[in-house]
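Below: the structure, in structure tokens.
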Amino acid sequence: MNNLLDFTLEELKAWMKENGESAFRGQQILSWIYKGVKEFDNMKNIPKPLVQKLKENFFVGLPKIIEVYKSNIDGTEKFLLGFKDGNLIESVLMRYKHGNSICISTQVGCAMGCKFCASTIEGKVRNLTTGEILSQIMVVQDYINERISNVVLMGSGEPLDNYNNVIKFLEIVSAEYALNIGQRHITLSTCGIVPKIYELADKELSITLALSLHAFSNDKRKEIMPIANRYSIEEILEACRYYINKTNRRITFEYALVKDVNDGREDAKALGKLLKGMLCHVNLIPVNEIKENTYKRSSKKAIEDFSEILKNHGIEVTTRREMGSDINAACGQLRRSYINTQEIEGEQNGRFS
């Protein structure tokens with residue numbers, strides 16, 4: 001059985017032709033699905049013999065909503081979603097004046113090992129398929145009965161470690177026949193897999209690339225990001241310049257501020273010199289504290305000083321507004337908390353004895 005959400009329009013048209021059907025049926029079927037009709041029997045202009053073929057060959061794979069947590073602070077909603085194989089992922093809905101934005105996952109867990117991130121603590125379980133990535137938007141959109149207009153690939157997982165499925169997702173999610181979310185409203189965050197940055201640049205998409213930098217030197221970056229042992233900052237910045245030249249799109253550098261690790265004035269000055277002259281923007285992120293490590297967030301004064309120093313170097317800077325702090329809204333925190341709770345309850349009930 002095939003998940004229809006994994007199919008582009010051209011792929012479904014090709015399947016129709018190969019199976020003795022008119023290609024235009026593919027357009028009709030996807031039109032129904034992206035309008036919210038998931039049952040083949042309810043697709044009124046599809047002949048019954050084709051409906052039967054669809055039932056025998058396809059399904060519309062949507063995850064189950066396990067839990068929804070809503071912030072009392074800002075209305076952010078965190079969704080814990082479950083797939084049929086028992087794996088869990090997280091998606092976060094953020095409401096802004098300009099529309100609804102969703103942060104989605106691209107993998108179950110993560111292999112990158114960044115020291116301050118909860119989603120990587122137990123490693124990568126598996127990649128999400130194209131349809132599983134897409135389905136997060138669909139199931140949340142159905143739940144809130146409102147359109148989602150902005151997408152951030154910044155949840156659990158490294159998008160460029162799931163490159164082919166993510167690229168196909170970007171094609172489908174922005175297509176008129178599907179969710180029709182413009183590429184300029186999509187941000188892809190990566191810790192810096194250099195060869196894939198070049199490949200992505202050659203696609204010449206209109207998405208925003210966000211690069212998780214978090215340090216100005218290779219030695220300091222290696223302390224908190226194992227990926228730095230594979231690719232140096234110099235290699236990453238060279239790839240970023242290539243991306244800028246190919247796409248004419250500004251890059252966002254993400255910088256998680258960790259107290260007494262990378263938040264000093266000298267760090268800010270060095271980062272300013274490093275990025276000076278690039279078509280870029282720096283997003284400062286007060287680190288989310290998790291119990292599995294001792295990293296603490298920087299003080300408000302340190303964050304303000306860091307920002308001011310970058311601005312003095314001609315760098316555009318914003319400090320990320322913290323959302324959903326009362327519901328473990330940082331990537332990986334909710335999934336891990338839920339799994340731990342289930343394990344404790346299982347032990348108490350004797351299921352693991």
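Any Cβ shown, glycine's included, is placed from N, Cα and C.
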Of SER101, SER135, SER189, residue recorded by Swiss-Prot at the S-adenosyl-L-methionine site of GLY157, GLU158, SER212, LEU213, HIS214, ASN288: SER189
Candidates GLU90, CYS103, GLU158, SER189, SER212, ASN288 (recorded positions) with Cα within 10 Å of CYS117 ([4Fe-4S] cluster binding site): ASN288
Spatial neighbours of GLY157 (S-adenosyl-L-methionine binding site) among the recorded positions CYS103, CYS110, CYS114 [C-alpha, 10 Å]: CYS110
Cβ neighbour count (within 10 Å, all chains shown) around ASN288 (S-adenosyl-L-methionine binding site): 19
Cβ neighbour count within 10 Å of HIS214 (S-adenosyl-L-methionine binding site): 27
CB within-chain contacts under 8 A for SER189 (S-adenosyl-L-methionine binding site), separation at least 6: VAL152, LEU153, MET154, PRO159, ALA210, LEU211, SER212, GLU254
